[in-house]
Amino acid sequence: MAKYKVTVYTHNIATATTMNNVFIKLVGEKGESKRTWLTSLKGGFYQGTASREFDVVCPSSLGTLVLIELDKQPLPLFPQDAWFPSKVVVTTPEGDTCQFPIYRWIMDKEVHLFREGTAKRLCDETNHLARYSREKEMKTRTELYCWDTYKEGFPGSMKADNPLDLPSEIQFSFTKATQFLFTAATGITELKLKGYSDSKKSWKNIDEISKVFCCNRTVISDYAQEHWKEDEFFGYQYLNGCNPMLIRRCSELPANFPVTGDMVKPSLRGSSSLLKELQSGNIFLLDYKNLDGLKANVINRKKQYMAAPLVLLYRTPDDKLVPIAIQLKQKPAKDNPIFLPTDSEYDWLLAKIFVRSADFQEHQLNVHLLRTHLLAEVFAVALLRNMPMVHPLYKLLIPHTRYTLQINLLARAFLIADEGVFTQFAASGGEGMIEILRRSVASLTYSSLCMPEDITARGLESVPNNYYRDDGLKLWDIIHRFVEGVIGFYYKSDSEVREDQELQNWIKDIFDHGFLAQECTGIPQSFSTVPEVVKFVTVVIFTCSGQHSAVNSGQYDYGGWMPNTPISLQQPPPTTKGQSTESTMLKTFPDVGTTAQGMSTMWLLSKQSTDFVSLPSFMNYYQYHLGPKYYI
């Protein structure tokens with residue numbers, strides 16, 4: 001007799017438990033078992049738990065296991081319930097362990113087929129039952145995961161009206177859902193209890209802002225509060241803050257930024273000149289042209305303002321990065337002065353405040369929302385539509401898409417919708433937001449998503465104290481080597497890449513729906529070689545993991561202290577010098593309620609769930625699903 005050991009795992013998602021009777025049949029290349037009742041001594045299969053080990057006994061070995069048949073039947077007088085098993089693990093008489101991933105609801109009495117989970121490309125499927133199961137799965141997936149267009153000119157998104165419309169396999173876990181709601185309620189409630197979030201008053205002094213800020217603080221946000229006025233901290237944030245993606249080396253001044261050597265000479269150390277520093281590679285540029293000419297928001301019936309600045313940064317001999325010139329509008333004019341560190345305290349400080357507010361808009365919409373969240377959704381939807389669960393690329397990428405679709409759905413519903421927080425309280429909310437995203441999509445390129453190429457293109461290879469670059473390139477290399485090992489194992493030649501239709505369908509879906517079929521982006525429309533696949537998969541994993549973490553996790557650190565990153569501004573950019581005072585600055589800051597809403601939102605977005613999974617932890621997943629050889 002051949003004895004098989006079976007363990008059933010129920011997913012940790014609300015209402016995943018079943019009290020129905022569960023039956024299983026094992027199907028192998030040499031035969032199949034009898035339909036066996038999995039008797040639960042606890043009376044059911046419970047959310048977030050593994051069952052006891054069941055025995056399925058056969059007259060002889062079934063050979064290599066191909067699939068399982070699973071069904072559940074209600075007890076007499078009991079209703080049919082909904083069950084969400086995550087997987088079934090079978091240990092064979094020969095001592096092998098076979099995984100059968102499920103991750104879906106079973107809500108009826110029908111028999112459901114699930115394949116053994118060893119990674120296989122379509123060409124590797126030799127069993128007719130396995131091929132049939134693969135085809136059936138993909139038909140279901142294309143019906144479940146449909147493309148939608150949120151706004152014309154935006155990347156494609158998942159078609160769903162609310163989180164409950166999403167397939168359960170991609171919804172928040174019970175832990176994530178509970179903590180997400182608690183965090184959102186806590187941030188807003190704490191501020192409302194103190195009577196701030198509905199206030200339309202302007203700030204009377206900096207100490208008032210500190211009273212709101214004290215609700216939620218971090219080590220870095222405390223540092224920002226203490227140093228926000230300093231030029232060195234201002235410059236540091238463009239290398240290592242929430243938006244390290246804008247700065248680039250400047251060897252020649254833009255025609256619309258007429259800074260002269262005499263203007264900045266007092267800011268240059270020693271006997272140097274602007275021309276010499278440009279030639280030496282010590283001058284850097286921030287250009288917010290993406291914001292030029294946009295209509296600013298109206299908040300509480302009051303017109304808001306944002307600038308489209310140009311900023312020169314200087315690398316000092318002691319390797320600090322400091323601003324030396326700021327022009328708040330793109331077109332040079334008499335009423336568009338170039339502000340300098342030698343100007344009055346509040347002239348210079350106010351110019352930097354307008355830059356930091358502009359950076360909030362650019363960071364949130366382009367760097368954070370588009371270049372991580374929306375692209376991650378494109379990668380995820382294309383993966384779910386085109387790759388069966390046993391495809392090696394599915395197994396490689398699916399952990400990195402965790403929660404992406406539900407988070408983005410919530411963002412569209414509560415952040416950027418007509419009544420969303422960003423739409424209501426950010427300077428770029430409304431028409432400006434839509435136009436910024438369209439401009440950002442139009443300028444998106446493949447090379448800008450490849451970190452080594454992007455760093456080189458922006459001339460940042462040797463800038464000191466650039467921890468985003470240093471850590472990011474190390475992480476990129478680790479991911480690239482890991483992906484190279486996995487892809488190289490499954491694809492031994494370029495011809496195997498070209499012949500994998502599921503792989504080709506995936507990248508074509510991404511090109512068409514994510515990058516709107518624009519060849520100028522440089523995104524591949526198909527794969528011809530193994531290295532091409534390795535590079536693109538590295539981009540996907542890096543974007544969904546390290547890059548998102550870099551531009552998301554520090555939002556409250558750098559933006560919690562509002563004066564450092566104002567969500568909106570109530571006064572227009574100054575047009576003359578010598579007129580700004582502390583009172584001018586306080587009137588320019590967003591009102592009390594807008595400040596509170598911005599702070600609570602950044603606090604929510606920066607909050608890490610307890611079921612967060614770090615990249616190193618995924619190595620255990622890969623060992624489990626792809627084999628020990630991938631622990632690179």
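Backbone N, Cα and C atoms are what each Cβ position is placed from, and that goes for glycine too.
According to TrEMBL, the protein carries these features:
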type: DOMAIN; residues: 2-120; note: domain 'PLAT'
type: BINDING; residues: Asp81, Ala82; note: Ca(2+) binding site
type: SITE; residues: Trp105; note: site 'Essential for stabilizing binding to COTL1'
type: DOMAIN; residues: 120-632; note: domain 'Lipoxygenase'
type: BINDING; residues: His368, His373, His548; note: Fe cation binding site
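Features as recorded by TrEMBL, highlighted on the structure.
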{"residue": "Asp81", "record": "Ca(2+) binding site", "contacts (Cβ under 8 Å, 6+ apart)": "Thr17, Thr18, Met19, Asn20, Pro74, Met107"}
{"residue": "Ala82", "record": "Ca(2+) binding site", "contacts (Cβ under 8 Å, 6+ apart)": "Thr15, Thr18, Trp105, Ile106, Met107"}
{"residue": "His368", "record": "Fe cation binding site", "contacts (Cβ under 8 Å, 6+ apart)": "Cys242, Val551, Asn552, Gln555"}
{"residue": "His373", "record": "Fe cation binding site", "contacts (Cβ under 8 Å, 6+ apart)": "Thr404, Ile407, Asn408, Ala411, His548"}
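For Trp105 (site 'Essential for stabilizing binding to COTL1'), other Cβ atoms within 10 Å of its Cβ number 17. When other Cβ atoms within 10 Å of the Cβ of His548 (Fe cation binding site) are tallied across all protein chains shown, the result is 19.
For the domain 'PLAT' (2-120), the DSSP counts in helix, strand and coil order read 0 helix, 57 strand, 62 coil.
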